[in-house]
């Protein structure tokens, strides 16, 4: 081993050991780091100190607005966190995640916008004044409910299927949702719905398109909440059951874990998080149309989780960051983006099936399987 | 809902459905064979089909063929295009297997990871035709838009049954599709290599003890699937005359549905499922509207998987496999 690789090895060990060292450290260190980290995230849109400002996406000609990019990154991080529950923790490959994203976006648009056929029909039915629409705050629980219902409705028949069948069926579901939105009159068909409401704010211009950093902070707040909830969930009874099911469903069943029930939970929770992200997207966008929810997005979402390292929430977040940030920063290569994704998916999965920052347990599982294969080859 | 429309044109719709179905059946064959042997959904198979369509277009362009050529020459060009397309698709399928599947199989990775590399492969193939080739070969017609393929065999009525006209194209597609399925079925059931395929499908370890080269069989399976996809692409261009970078996705999905419908891993199932799906689709678009045609396939897929996941004919390439 040369000196060079030795140094690399030491650096790698030190970095990988860092989270452990921090969590072993005194409480005030952890709290301080958390506060500093959050403050930095909040400050990010204004980052203007030179060597660091190179990460901004709006330096060059025609670059995209930095705060809006941050919003998109945060939005996709929420999605990655949600999909990580389904793929990473419960081990179910869901290729129709964009369907739930669309359900969230559309439920806000359908019930919250005065322009949607649904609110107009309700208003006409109950003699409400024209221009009536449900309040944003009322649409949020409604969107969550609809997402949970669609998650359970999709999950109940399909979760008994083998893993790869499940992938195809969920993909079909994502397409069906889009085609229904495109072809139905109650969703305004292909032209979509405008005037999606804004979140409640102290004054009318609080959330305006001129101030994208406020949208970013909103998304950031949601993301922090989601991460906090999911971290609690991971170490709960439910999280442990998911782990058991993923590693060996039969063994888990013998131990009294109801596989179907917990898979359905994973599906429903993933659906709800996808809907929250869709809702944020719709309100920032101010209008929705079926073409915004193409199936490619589903693959993008899966790529984020898998490249980052499925099973590790931080890995998934990092994957979301990479996949959203890099194409925005290097916009001149935008047209090459899908090709690069495809290549990255193949190369990373072949070389590192566990992803860039895998969950430690998950990596060990894969290592185990590899040894089994080698032993079997040696026996043969 | 408009059943009178369907009943009036029943014969024509049925012929249309059978034509579509034969193409689905040929593509479904690739899914079924690979699944039967490797228990793996070759997600990139639809894109293999797309490569075939572009190859046909390439051959036509290289030979300068268009609708004006005479009948004998048109037949010759079509056969040549089929040959080249089948070679190209078989090659593509083989490259995918070597690059994306074999390394993971050696690591004994979970099947879901293989599915993800397959998605990666299909994205790469789509983008090659949809973007990269356009940049690399500025003169050629690659790109996001659909490219028209010249119809070198002009459509005309071949004969009619009970007042229902059958065009020569429909006839060629249906007969060629069904004939190829029969040949492949005989190959797998009767030939020595086919016995190898069935043996590996039944029990890979025992098959290798009996002297079957498992690796070679896997290569063979991908090649057969690729050839079938290439021929399907040729038939598709005869009937629908276009090539598009993302055409493989929907056809792949539907062919997969057909394979599951007939019983995945079952060659005859692929034929039955393909024809049935083609007919269902055309009927449903006649009854409801063509906007909903794609939903039909997905709904059928979900319903079949829910109530009879083994499909109509049951799923077994090697019969003993439970």
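Including glycine, each Cβ sits where the backbone N, Cα and C put it.
Feature annotation from TrEMBL assigns transmembrane segment to A:28-46 (among others).
Counting residues 6+ beyond its ends, the transmembrane segment (A:66-87) has Cβ neighbours under 8 Å at 44-45, 56-58, 93-94, 97, 101, 212-213, 215-216, 219-220, 222-223, 226-227, 230, 233, 242, 266-267, 269-270, 272-274, 276-277, 280-281, 284, 301-302, 304-306, 308, 310-313, 316-317, 319-321, 323-325, 328 in the same chain. Annotation comment: TrEMBL describes A:66-87 (among others) as transmembrane segment.
Here the transmembrane segment (A:94-112) has long-range neighbours at 79, 82-83, 86-87, 118-119, 133-136, 138-140, 142-143, 146-147, 150-151, 154, 166-178, 181, 186-187, 192-193, 196-197, 267, 270-272, 274-279, 281-283, 285, 287-288, 290, 292-295, 297-299, 301-302, meaning same-chain residues at least 6 beyond its ends whose C-beta is under 8 angstroms from one of its own. Per TrEMBL, the feature transmembrane segment maps to A:94-112 (among others).
Residues or ranges marked as transmembrane segment by TrEMBL: A:132-153 (among others).
Positions annotated as transmembrane segment by TrEMBL: A:214-230 (among others).
For the transmembrane segment (A:264-283), same-chain residues at least 6 beyond its ends with a Cβ under 8 Å from one of its own Cβ atoms are 75-76, 78-79, 81-83, 85-86, 89-90, 92, 94, 97, 100-109, 136, 139-140, 143-144, 146-148, 150-152, 154-156, 159, 196-199, 207, 218-219, 222, 226, 233, 238, 242, 292. The feature transmembrane segment is assigned by TrEMBL to A:264-283 (among others).
With a threshold of 8 Å between CB atoms, the same-chain residues lying at least 6 positions outside the transmembrane segment (A:295-323) that come near it are 73, 76-77, 79-81, 83-84, 87-89, 93-99, 101, 171, 174-175, 178, 227, 230-231, 234, 338, 341, 344-345, 348-349, 354-362. Annotated transmembrane segment per TrEMBL: A:295-323 (among others), in sequence order.
According to TrEMBL, the transmembrane segment annotation covers A:335-352 (among others).
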